[in-house]
Amino acid sequence: MAEEQPQVELFVKAGSDGAKIGNCPFSQRLFMVLWLKGVTFNVTTVDTKRRTETVQKLCPGGQLPFLLYGTEVHTDTNKIEEFLEAVLCPPRYPKLAALNPESNTAGLDI
């Protein structure tokens, strides 16, 4: 029996027009993680000047981006990335972590 795809929705900062995807590097990073994992997901843009009641209920006062995974709300880009790496793991989804743990600290002394 085929495994069900998780329901994933990424809420990102809208651009200056209030509708299109904005230029937030944190939103782009999470978008790329989901895309590289091969997950089907929805992207919802949030106009920071006019947050909807639904967004306020999901993540009151929360920073963008945030992730809705099923019914769970996840905030903080680094924590979201760690969560996705933990739940969307091999063999179904590729591992995105570096092969050599030392590469995570490369360049820190510059």
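Quick reminder: no glycine exception, Cβ is built from N, Cα and C everywhere.
Per Swiss-Prot, the features are as follows:
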- Ala2: N-acetylalanine (MOD_RES)
- 2-90: region 'Required for insertion into the membrane' (REGION)
- Lys13: N6-acetyllysine (MOD_RES)
- 24-27: motif 'G-site' (MOTIF)
- Cys24-Cys59: disulfide bond (DISULFID)
- 26-46: transmembrane segment (TRANSMEM)
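On the structure: features taken from Swiss-Prot.
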residue : record          : CB count, 10 Å
Lys13   : N6-acetyllysine : 17
Cys24   : disulfide bond  : 17
Cys59   : disulfide bond  : 20
**Q.** Cα distance (Å, whole number) from Cys24 (disulfide bond) to the residue listed as 'N6-acetyllysine'
**A.** 7
Q) So what's the mean pLDDT when you look at the motif 'G-site' (24-27)? A) 94
